[in-house]
C-alpha cells in the first residue's frame, strides 16, 4: 500500500466517523438540491517526492492527464478562457463554472470570471516567482497567491480552492531540492483530492526543472476536507478495496534547465500506475 493510499483511507474513515455536517451549504447538485457534506478541518499530509512518495491513490483511476493540462492553462497560458481550455487542451469540466456575460482576459467570450489564470496574468506571478528564485534561491518569499479580493468583487465566479503555493529550496550535500506547500481552502476528498495534489506536484516539477534542481518534499494542507452526501456509497467501496501493488510516480521528461514556458503537458509521464477498477461514478456539486 502506498503512502497516498494509507492517507486516503485514513481520511475517508475520519470523515465518515468523526466528520460534522455542513450548514448553509452553497454548492448544488445538477437537480438543484443542496449538496451537503460531512467534513473535517485541518488536514495535513507530507510526501517526499525524492523518495518516490507521490500523492496519487491506486484505489481508483485518477485522470492525471487532464489535471496537468489545467496547470498549463492557469500558469503558462495565464487565462480564464474556457475556449482555450477546450480548444487547446480538450478539457471540458470547467464548463459548469462558466460565468455568463464575462469575457476572458484574452478577449474570448467564455470565461470562469476573474479567477485562476486571470489572476496569475494580472500580477505576473510566474515571472516574478522565477525571477525571485533566480536572484536568491534561498529567499523565503516564494509565494503564489490566487486569493484576490479585488477580482472577487470585479466578477462572479468560483473562488479558488487551491489558492496558495509556497516554495523553499534546500541543499543536501551536492544536491539542491525544491520543496512546495499547497494550501487549499476546500477539497472534495473522493473526486478532487489526488487531482489537486498531483497538479501542484507537476507545477513544482516544472519550476525545479527550470533551474535544474531536484524535486524534494510536497506538503499539503486542506482547511475543509469533505465527502458529499451522495458519495457515501462510493466511500464505503473505496474502504473495501485492496490497493494495487504498484508505486506510481510522475516523471518530467525534459532536460534540466528547460525553460518553464517551453515544457508541454505531453512531457509528463505517470509510470508504474495500475489503479483498481472499475472506475467509480460521481455526481459533482457545483
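Cβ coordinates come from backbone N, Cα and C, glycine included.
Within the same chain, residues at least 6 positions away in sequence whose Cβ sits under 8 Å from that of residue 185 (dUMP binding site) are 159, 160, 161, 163, 223, 224. Taken residue by residue with DSSP, residue 185 (dUMP binding site) is part of a strand. The annotation dUMP binding site is assigned in Swiss-Prot to 140, 141, 185, 186, 187, 188, 196, 226, 227, 228.
Residue 161 (active site, nucleophile) falls outside any helix or strand according to DSSP and counts as coil. Cβ neighbour count for residue 161 (active site, nucleophile) (all protein chains, 10 Å cutoff from its Cβ): 17. If you look up Swiss-Prot, you'll see 161 marked as active site, nucleophile.
A sphere of 10 angstroms centred on the C-beta of residue 188 ((6R)-5,10-methylene-5,6,7,8-tetrahydrofolate binding site) encloses 21 other C-beta atoms. Taken from Swiss-Prot, the feature (6R)-5,10-methylene-5,6,7,8-tetrahydrofolate binding site applies to 188, 285.
For residue 227 (dUMP binding site), the number of other Cβ atoms no farther than 10 Å from its own Cβ, over all displayed protein chains, is 22.
A 10 Å cutoff on Cβ-Cβ distances gives residue 196 (dUMP binding site) a total of 21 other Cβ atoms nearby, all chains included.
Counting Cβ atoms from all protein chains shown, residue 285 ((6R)-5,10-methylene-5,6,7,8-tetrahydrofolate binding site) has 23 others lying within 10 Å of its own Cβ.
In the three-state DSSP reading, residue 196 (dUMP binding site) counts as helix.
The binding-site residues recorded for this entry are 140, 196, 227, and the Cα of 227 lies nearest to that of residue 188 ((6R)-5,10-methylene-5,6,7,8-tetrahydrofolate binding site). When the alpha carbons of residue 196 (dUMP binding site) and residue 285 ((6R)-5,10-methylene-5,6,7,8-tetrahydrofolate binding site) are compared, the span between them is 16 angstrom.
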